[in-house]
């Protein structure tokens with residue numbers, strides 16, 4: 001296992017860091033602290049960090065047009081304007097059960113916001129689901145019977161959607177149509193153990209490999225399209241939650257983490273980064289379908 005040259009990017013401790021998204025237009029990294037109900041904006045070059053309070057837990061975010069963000073709050077999907085502070089409700093794809101909350105989400109190559117839920121109780125019952133949310137506020141239920149929806153990412157050609165259930169604990173793939181946003185033929189790629197790293201958030205590189213945050217093992221697992229772990233990257237954080245590719249060439253891997261207890265004792269959540277050899281697949285903007 002290759003140990004990367006890792007930099008810690010923030011001094012501020014996070015409780016539940018998640019959902020890093022690189023904004024290539026502004027050269028900044030957006031991410032959230034779910035437990036602290038915060039959206040955060042980091043300028044990696046200067047270290048400047050801004051935070052924006054949300055009225056509820058924020059599970060994930062994505063880029064949208066005109067400098068806005070699409071955010072998945074406990075009380076639904078909203079559009080957020082960091083400049084004005086305006087927060088406009090779009091839709092709540094899953095108003096019940098009340099014990100569920102929205103979790104991992106990402107803008108797909110179809111220009112829609114894909115977001116899943118989790119059962120927020122300790123036992124994590126299979127009552128969660130995966131949804132597709134359109135810019136007009138329509139929500140479609142794609143798959144139910146989940147415990148903790150996670151790991152959304154797309155192949156370089158946009159024809160495969162990857163998805164995980166952290167408590168499944170499995171990674172699966174769908175056939176995906178970027179024109180219509182349809183996801184069909186779900187198939188299990190692999191099941192992961194706690195020692196291997198339960199699958200949390202994820203990203204895909206331009207060679208088509210799926211990078212999964214192994215939250216229970218302090219690693220990133222690089223997984224082939226066939227479902228084989230081809231590389232395990234140990235990290236200096238005990239509980240990594242999600243990677244994303246960024247930087248001008250998309251060859252910097254940013255990883256969020258949550259507060260946990262590692263071999264050296266209690267460890268706050270943070271954001272780390274390290275260089276990689278293969279660029280990542282760019283992530284779209286809400287309402288903007290990817291080109292051919």
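Cβ from N, Cα, C; glycine included.
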From the candidates 88, 200, 205, give the one listed by TrEMBL for the same divalent metal cation site as 18, 150.
200
Within 10 Å of the Cβ of residue 150 (divalent metal cation binding site), how many other Cβ atoms can be counted across all chains shown?
33
Looking at the recorded positions 18, 150, 200, whose Cα is closest in space to that of residue 101 (substrate binding site)?
150
Express the predicted model's confidence over the domain 'SMP-30/Gluconolactonase/LRE-like region' (16-258) as a mean pLDDT, rounded to an integer.
98
Report, in whole Å, the straight Cα-to-Cα distance of residue 103 (substrate binding site) from residue 18 (divalent metal cation binding site).
9
